[in-house]
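Here's what TrEMBL has on this protein:
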- 32-117: domain 'Pyrroline-5-carboxylate reductase catalytic N-terminal' (DOMAIN)
- 217-239: transmembrane segment (TRANSMEM)
- 259-282: transmembrane segment (TRANSMEM)
- 260-394: domain 'Ferric oxidoreductase' (DOMAIN)
- 303-328: transmembrane segment (TRANSMEM)
- 359-378: transmembrane segment (TRANSMEM)
Amino acid sequence: MMDEERSNEKCESVTLSLMSEAVSAPTECEKRVCVFGTGDMGRSLGLRLLQAGYSVMFGSRRPQSCNFLPNGAQVLSHAEAAQAAHLIFIAVQREHYDFLVPLAYHLKGKVLVDLSNNLKKNQYPEANAEYLQSLVPEAEVVKGFNTLSAWALQNGPSDANRQVYICGDRAEAKQVVLAVATKLGFSALDRGSLSASRELEDFPLQLFPLWRLPMRIAVGLTAFFFFYLLIREILYAYITQGKDISFRIMVSLANRVCPIVSLIMLALCYLPGVLASFLQLYRGTKYRRFPDWLDRWMLCRKQLGLLALGFACLHVLYTLIIPIRYYVRFWATERTVTQIRQNGTNEFITSRAWHSDSYLSFGILGFGLYVLLGITSLPSVSNALSWREFSFVQLIDKVEFSVWVREISST
């Protein structure tokens, strides 16, 4: 019985040792990687790989004339570099893929990571990764790292660009690239087969996709209230009374429009969450998908809030320049001269002073809370907050919303 227990313990120790060897650091062969391309992207990727402990070889047509490469990296010809490494990063543009055709024999069974992007969408009939696969059909092509910039690779991942998207037809090849991305400090996400490579190549070409709807709403609201106030206060006064007060368009009207649009944008930032809560209560579950219009609305809440903060900042700037306007200075001087000629004085009214100071104080308080909300929207700040802390900031912002409503209503 004792012998059997010792035998079991021995087997368990052997198994644990084998498991530890299996999850240990990669072998020397796996640590050798190759980079085709000595531009900004290739150099930054090579530097990051060296910092992660990989042995990096650059493949070049002219190995002797390559300069400014990371210290510790080897520079070989394309054929020599392809033979020495199993994982090869293709950091060149699609127009220069022709040099890979003579290397098809050396690239057989190798994992090729395509980092290329295009200048515009649908520039070619097929995706770059699919075209690369057709040039070297016996290699295993994986699309990845194309959504990162050379700056992000060289300086390390940050909260805003931590994710790496990859796609490929072979699971083993994707696992190799996933392991490298994880060791470099990125969060790798598998997007499926190589047919998804066109979608990945379109990512860097997108221009603020989540800002389009908020910008349209902001422009629409600004135009509507501006022309409404223009007709009501400028044109109506000119038609009915013959008064030319068109100079108010540049400052006064803009200062009226900015806080109105800011409050409406802030309300639109919180309204979808309220609607979603009522919808979940009505359905009796939180696991059913929201309608597409509500889902799109909720995805752009942060952009709506930041635009609201931008209009609030414009309101503050317009308010600060009021004392230096020609119209205000002229009116103050004219009133002073009139009082001197009439030998009259004005009585100081304490209640009006309280009202004026309270108005300014609440405005400053509201704007300060507004800025606090904007700061918590930054990824580096929001990631450091717990859910309770974030909810507390949101509660403060609701108080700030009521403060701004009071300020606007007092205008």
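For all residues, glycine too, the Cβ spot is worked out from N, Cα and C.
Note that the structure is predicted; figures quoted are calculated from it, not measured.
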Folded-back contacts onto the transmembrane segment (303-328), same chain, C-beta under 8 angstroms, at least six residues removed: 210-211, 213-215, 217-218, 247-248, 251, 254-255, 258-259, 261-263, 265-266, 268-269, 363, 367, 370-371, 373-374, 377, 404
Integer mean pLDDT for the domain 'Ferric oxidoreductase' (260-394): 86
DSSP residue counts for the domain 'Ferric oxidoreductase' (260-394), split into helix, strand and coil: 111 helix, 0 strand, 24 coil
Helix, strand and coil residues within the domain 'Pyrroline-5-carboxylate reductase catalytic N-terminal' (32-117) as assigned by DSSP: 32 helix, 21 strand, 33 coil
